[in-house]
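Going by Swiss-Prot, these are the annotated features:
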SIGNAL    1-22  signal peptide
CARBOHYD  N69  N-linked glycosylation site
CARBOHYD  N90  N-linked glycosylation site
CARBOHYD  N125  N-linked glycosylation site
Amino acid sequence: MTNLILIFAAQILLFYAVASVGDELGRTMNGKHLGPYKKEKLTHLRVYWHNSVNGRNPSSVMIQQPVLNSSLSGSITMMDDPLTFDVPRNATVVGQAQGMYVAAAQGEIGFLMVMNFAFTTGKYNGSTITILGRNVVMSKVREMPVVGGSGIFRFARGYVEARTKSFDLKAGC
């Protein structure tokens, strides 16, 4: 009987210890601790990311070949593409589009895009925008969700609209 009482008392103490730890892990945050991020701002950016898959200095490299030779499906490509605020490839670079794209469609050219727009100049220097979504390359407009960010874009949410401005199959860009 004494052992039963000790076990019961130990269970009660353990329950209270776990319950009090649980309260500390999931507490509501006071808005004053968010600093400059407590107010939402709307920012509209127009950037151009220049993807090059071949040539002397490709910005994207396939690291996993397709599973089947009949489609790109299953291939994985890592990218570190220059970002600019203007169309020409020789425009001033303001950051990098870094991440990967995975060929995830069998009947079309469709990719799962996982990337950060990492800005390296101006007021956005050191900030990133994180994008995760589906990119069907042959569609005129592709929409992908913004799932977060860092720096000035902390707590970012929204969407990206991708449009192909130019495509040169021979040059690979």
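Cβ atoms are placed via backbone N, Cα and C, with glycine included.
Distribution of Swiss-Prot features across the structure.
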residue: N69; record: N-linked glycosylation site; Cβ contacts under 8 Å, 6 or more apart: none
residue: N90; record: N-linked glycosylation site; Cβ contacts under 8 Å, 6 or more apart: none
residue: N125; record: N-linked glycosylation site; Cβ contacts under 8 Å, 6 or more apart: F119
